[in-house]
Amino acid sequence: MEKNLTALSHLFVTVFLSGFSTIIVAPAIIDVTMFALCPGTDECSLAIYLSGFQQAIIGLGTALMMPIIGNLSDQYGRKALLTLPMTLSIIPLAILACNRTTNYFYAYFAFKTLTDMVCQGSINCLALAYLADNISYRQRASAFGILAGVTSAAYVCGTLAARFLSTGLAFQVATFVSLFAVVYMRIFLEESIPADQGEGITQPILKEGEEDNIIQNDDNAPTKVPPFKKIPSLGDVIYLMKNSPSFAQTAIVAFFNNLGEGGMESSSMYYLKARFHFNKNQFADLMLIGGIVATISQLFIMPLLVSPIGDGRLLSIGLFASCVYAILYSIAWSAWVPYAAAAVSTVMVFAPPSLRSIASRQAGPREQGKAQGCISGILSLANVMAPLIFSPLTSLFLSEGAPFHFPGFSIICIAITLMIAFIQSLMIGRAPSTSNAENSTEV
């Protein structure tokens, strides 16, 4: 156990450094974009459409890449695959660290779009698979919550640092930390290749070998599965969802939840910029409050609730809170309302780690990369659709040509999307019976 804890501490440090380098520039990127594209204004349709276009392209790329990356990590190890996205993520940061003029911004935009097809979500996907390799089934939801808490801590520290750094210095610090994260990971993080351990799973996904081609359905009826290629195709994922209702329901919840989250990501900052004239420091303060609340909740509250409540109920609670959060944004009547809404993060942050835990339960010990990769791919498909749907809505209802005056109309549509995810989460099959869980192997 001591060796595993040491290995996991290096994983947490790696995830923290990677997250910190990403978040420290997040409050400034809106101002950098507006200055490069529409200097001197608080409203810029070009910036909204470019942001939405970038998010859609990145989502399409990651939808294709995540299952492949997850599968390759099952074959060659998590550390080997972590090196690629962590190295590529340095390039766009280094560009804006040099300069932030219009030409440099377009270079950043191009490289950010290309590199994020591999980088966005892959570090989290591989970190989750790494945890699943080293943590028993019964402790997995808590471990995923702690990983999310580490990510939130990076969010808090990065946002706090951004509050006191100039825009140029923030990008320089982010570039250095990204480089340091790669070096640290290569030196200290031990490789993790899945071991054959029987845990309390409900259904293995993509088994290799003739005698492994039998899966156990939710009704305990064995089903013959065709042998899969090493890289899972869309047809493989569809076949899996047909034969595992629990995984299919989890995928639907993941899709609609990320569709809503992607809509908030592509719309909320521009909404606040146009509605309440938020600047870099106000964005940083808002992110800081949300990050602090999320860190405390994921590191200290969620691990206490997993055992008595279960990850299924925590998922539903988190999704309902996300609906409330979006509704508060949509009807915000003053600049302080978004700050107050951040308190809802205490509960809404339960959803992502609970969702990943439920998905992990459907996979065998040598299939965690595939499982997390498939879920990440589905999340990326939602990221493709979110800006295509919500960016035009946001631009329309923030403009003078809106059909009626409701600046938060796109946000209320996001709340409806999250409500669909909440309703579907109530239908997800619950965890395996206690007897199955008790037979899981303690790692």
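The backbone N, Cα and C atoms fix where each Cβ goes, glycine too.
Curation plays no part in TrEMBL annotations; they are all automatic predictions.
Residues annotated as domain 'Major facilitator superfamily (MFS) profile' in TrEMBL: 7-433. Residues annotated as transmembrane segment in TrEMBL: 7-30, 46-68, 80-97, 143-163, 169-189, 283-306, 326-352, 373-398, 404-423.
Highest Cβ contact count with the transmembrane segment (283-306) among the listed stretches 7-30, 143-163, 169-189, 326-352, 404-423 falls to 143-163 (criterion: pairs under 8 Å).
Contact count against the transmembrane segment (80-97) (Cβ pairs under 8 Å) is highest for 169-189, out of 46-68, 169-189, 326-352, 373-398. Residues 252-253, 255-257, 259-260, 263-264, 267-268, 271, 274-275, 316, 319-320, 322-323, 326-327, 329-332, 389-390, 393-394, 397-398 of the same chain sit 6 or more residues outside the transmembrane segment (404-423) yet have a Cβ under 8 Å from a Cβ within it.
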